[in-house]
């Protein structure tokens with residue numbers, strides 16, 4: 001006699017299918033993350049600078065007070081975890097966002113719930129726009145997706161606390177990320193037509209403020225304890241509004257954005273998602289207010305370029321498109337999940353559309369996976385000057401590189417600190433009005449003489465100065481205190497050695513000295 005219950009055969013696939021989807025999607029997310037693990041992570045000057053700040057904090061130094069940078073401080077504290085610790089943190093954040101997004105897609109009964117999360121993973125790990133795991137805009141993009149998923153989770157008790165925490169984390173990671181987040185912030189915290197404002201203040205605003213304080217108070221307390229609040233405010237916030245404001249016309253912005261979308265293979269996903277969102281706006285939709293917020297988020301994903309105009313400098317600033325890695329999947333999800341049009345919810349059409357969205361990012365992932373050895377660190381480490389320094393390792397504060405931020409890699413490899421407050425020099429080459437009276441340049445020269453810095457990297461064949469008088473001042477200083485060291489294979493050489501120190505370099509100490517206060 002057969003005692004098996006009639007529904008046993010159909011029950012197992014129903015249970016196994018969600019688990020299988022979770023496992024496969026998690027595996028895809030982890031595999032894409034492995035493309036950025038420390039041995040094969042892409043080389044970029046910002047990556048090296050952030051790691052330098054992480055070492056600085058661990059050694060007892062204070063960002064902004066001891067070394068200049070104009071980024072908010074949260075990424076520096078992330079980098080204190082070291083390369084592998086940061087990779088684990090990054091991987092965990094992306095995987096968490098992926099699984100929350102998958103759960104949201106299932107709750108909304110999408111026929112292919114894994115498609116939007118997969119689209120997100122392919123974009124956030126796209127090597128054309130994501131240059132390593134230290135990109136601040138990658139973290140604000142992850143925070144944006146976490147914010148979106150928690151915002152729509154009505155069953156989560158502390159969701160408004162987490163929304164406030166994520167908003168504060170975005171602000172202290174990259175300020176323009178808050179502009180991208182703004183439409184969803186308004187959607188989450190402004191009263192809907194059927195909801196009383198007083199109820200929203202009690203149930204949403206107060207918990208959100210508590211969440212924001214969880215991030216804000218420890219950071220401000222750290223800088224207050226080290227008497228560096230003024231430097232934090234001036235360098236990480238005021239500085240960006242004073243110098244990083246865009247000058248190009250709207251037409252010029254449009255042309256460079258269009259070209260950059262084409263060069264990064266994002267043009268097709270962007271057009272497909274935008275057309276999908278526009279069509280949904282014209283037809284019946286259950287949550288038009290959310291759809292408008294998603295479209296606004298997509299438009300504001302270009303805020304970084306709109307404020308700075310840096311895309312005209314080419315591929316070095318393609319990472320400005322990282323917010324698209326979340327705003328595009330969010331828009332696709334909002335259209336598919338809440339549309340009342342049968343042709344937009346049809347299973348085959350969503351699969352075909354999802355394939356078209358993912359095909360170019362999937363191709364780029366394949367390209368990245370087959371060229372892992374080419375992480376571009378050889379741009380610096382293969383230079384004759386770098387090989388010379390490996391043979392004559394400089395001690396702490398005995399190496400300084402001016403003009404080429406890629407040389408921060410040497411500070412990190414040798415475990416040393418710069419003798420000067422300035423390791424970031426783009427501003428001398430970008431802005432003719434930068435450093436009037438050469439005060440900062442004189443400060444650099446004073447520090448070099450104070451520490452008797454032996455090695456200096458500077459390429460005289462490249463003009464790092466918009467102000468010709470600044471270049472004259474700097475090269476006059478070099479001619480007075482340093483000599484150009486000729487090296488085989490380097491034309492021209494850009495290694496300078498102090499005239500007052502002819503002694504051989506000593507091995508670097510195991511524990512670098514603390515930065516000067």
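Cβ from N, Cα, C; glycine included.
Quick look at what TrEMBL annotates:
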- 21-44: transmembrane segment (TRANSMEM)
- 84-105: transmembrane segment (TRANSMEM)
- 126-148: transmembrane segment (TRANSMEM)
- 160-192: transmembrane segment (TRANSMEM)
- 204-225: transmembrane segment (TRANSMEM)
- 266-283: transmembrane segment (TRANSMEM)
- 290-311: transmembrane segment (TRANSMEM)
- 317-338: transmembrane segment (TRANSMEM)
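Spatially, the transmembrane segment (126-148) is not adjacent to the transmembrane segment (204-225); fewer than three Cβ-Cβ distances between them are under 8 Å for residues at least 6 apart in sequence. Contacts between the transmembrane segment (317-338) and the transmembrane segment (266-283): present, as 3 or more C-beta pairs lie under 8 angstroms, all at sequence separation of six or more. Of the ranges 84-105, 204-225, 290-311, the one with the most Cβ pairs under 8 Å to the transmembrane segment (160-192) is 204-225. Remote same-chain residues near the transmembrane segment (266-283) are listed as 119, 123, 126, 128-129, 258, 291-292, 294-295, 298, 321, 324, 328, 331-332, 334-335, 339-341, 344, 353, 356-357, 360-361 (criterion: CB distance under 8 Å, separation of at least six residues from the stretch ends).
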